[in-house]
């Protein structure tokens, strides 16, 4: 049996502690599978006194994770602290600079500094693995980086935030408001006390930016993502979606278009009978459409200490199974220097179906006016539903729902602005994009 | 850029020709991604004269694939001939014996000789990759062999035969008989002229045997699989399943039980609202339940020249990205010598829910008799449906459908045998096992 692979773990929160316990509890099994033992030789965390169920004998404790990365006797630096700034960034750089392999679950760090870190890893002949950074236990990084080699990806999309999917699922199943479901998510620990990062789509955007680079070979562009969260989704939207054969999911979508690469995160209508529509609760899903392979959909746990630790462990095992310095898989699928500049396709040129829900005054000519504004913008309609908002009473506001055939975002925006100018709308219209899986 | 990776392809049918075209058409892109060019230097096929859209300049043609494997100037032998016997078996052995890496899509070969071939590959320091052998383009081999390292798998199951899934989907959607749907599948090229291998479950069994070994670390046991095809599934079963909230799929299932490992291939009821129930047509799906990761479901194309070629290409790219002799991933997830002997759990001890459909004479006491036979075998019932077979007429045969709670197969068999002995059954009862996804 070869020499042990020595690893240092920075960050012993839920994921780090789970990983350390698994490495210790399953050391014999892992040694058989990997062809050599994997040993934790150094750790770093904020609180040295907490009992995490880990045997710290023979493990060097570092108060400073950057010092661990720079000096510890390790082969692999495992970064599980999170955050795009310090100490994670400097610790990872310190480790790579020494030629150490790095495994990280840090999506924010990669979304911000991924290209620079990948370039540094290549320069030093080190591996930079980050399966856990996107969609937790779903092996989507490996699929894109390894399995799909040679394919041209046309679109990648997914449910990548368990908090949002939990809330949307609960709203639909129990008929509760967004606010009530958010509270329940917080009570169960699925949402943070400050939930903005999840429910406004930023978390999904970080993950999408990483997938976009792997899928399309362009530089990471986390700030060039069109972003809409789920805070405006009402139970009325969810019911209307169901009536029309759709379900609402917060999707991150990246697709190749004629004008560049579209990256967008927004509430999305998916067909009720599609596989992704069945992905409930905190579960994640990622779909990849590629020209040779076809469509691949992966569904699994997107978060949680164990699921994330499993992905981190898979990354460590990949390193353990290869001889030192042997593997040349570029971190971002191709050498960092060969990544194309990111060319952003603006959301205004997005083409797709739209769901538009409006509350209007009940007066003559409203319906004709809406139809005319749509026609002027050459938007053709798949379905139109008009119904009373509450009961059938005269002069009661009416709800009108339109579902368009594929059209341009720009046309939809112009039509909606024109309709708003007519003066019969009550409140803001709701516009939700429709996304259709290619096959399933 | 490093030296080119030289590959030889034996078998230029749909998959082989597709692979060769992709390697030639995308050579520059592949060279960037893999860090070195991938060059076809030798091929072998039956008919030298056929135009396959491949440029054969600078490629050595071999009439004998074994000679190619034994003598050609190659680094990787790609076996796409199929079949467990010769020439595939001897060609792969010849290649491995020289220390060449082997990539194959040959499930029959692996189901039969996988352990011996894996041992030979390890002995010679060669890689044996076979992503395309199970579920075509779905990267389930990589998930089990690499991503899930350290996990203990409790169950793996999937839709692994597109022909069967196409037929079952079409029966349900169009209300057609099994025979009609089979004919249509044959017309579309989804089923062979002799469809037995697909519809009787053998193809699924080969794939399941390979997954079982990767999931549970036991020797391949393709002959120890309980097998039931879909030929007996009637439109009545499909309708009854839908009424009760289920859909019928041909699943391959392997699970760890107290008495060993259960491997079974049979028509299965899955809950209508489960993700796997939405997997339609020729699409495949594989679900893995593991103790650290949780549940992972992958859905994608299970066959077809391009999808299969994509998986083969991923395997070749993995080799191209590592320096020669660098990688130590054991072909079957752990060294062949460390695989445990396969301990078969008999189907009689299978525990699960059952759907039982019987046609009975319409006479007094029948229902009571059935209920009594179930109770005697301590089978508790989740639901009971009795309805007239055609119209409500006196003395018309009745259909009785039972859905049991989790019970033992043995008890179900005894109860059904006892009911058969009562003399009021018309025809054979239909018994279909129910499989429940853990979470989704």
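Placed from the backbone N, Cα and C atoms, the Cβ positions cover glycine too.
The feature active site, proton donor is assigned by TrEMBL to B:207. The DSSP secondary structure for residue B:207 (active site, proton donor) is helix.
Other Cβ atoms within 10 Å of the Cβ of residue B:14 (NADP(+) binding site), summed over all protein chains shown, number 16. Annotated NADP(+) binding site per TrEMBL: B:10, B:11, B:12, B:13, B:14, B:15, B:16, B:17, in sequence order.
Here TrEMBL flags B:107 as NADPH binding site. DSSP gives residue B:107 (NADPH binding site) a helix state.
What TrEMBL records for B:192 is L-homoserine binding site. Around residue B:192 (L-homoserine binding site), the C-beta neighbours below 8 angstroms that are at least 6 residues distant in the chain are B:163, B:186, B:198.
For the domain 'ACT' (B:355-434), the number of residues in each DSSP class (helix H, G, I; strand E, B; coil) is 23 helix, 29 strand, 28 coil. Residues annotated as domain 'ACT' in TrEMBL: B:355-434.
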Within 10 Å of the Cβ of residue B:107 (NADPH binding site), how many other Cβ atoms can be counted across all chains shown?
26
Could you say whether, by DSSP, residue B:192 (L-homoserine binding site) belongs to a helix, a strand or a coil region?
coil
Given the binding-site residues B:10, B:11, B:16, B:17, B:107, find the one whose Cα is closest in space to the Cα of residue B:207 (active site, proton donor).
B:107
What other residues of the same chain, not counting B:10, B:11, B:12, B:13, B:14, B:15, B:16, B:17, have a CB atom within 8 A of the CB centroid of the NADP(+) site?
B:9, B:18, B:19, B:20, B:45, B:80, B:81
Mean per-residue pLDDT computed across the domain 'ACT' (B:355-434):
91
Which chain-mates of residue B:11 (NADP(+) binding site) that are at least 6 residues away have a CB under 8 A from its CB, listed by sequence?
B:44, B:45, B:65, B:79, B:80, B:81, B:82
Taking the binding-site residues one at a time (B:13, B:16), which has its Cβ surrounded by the most other Cβ atoms within 10 Å?
B:16
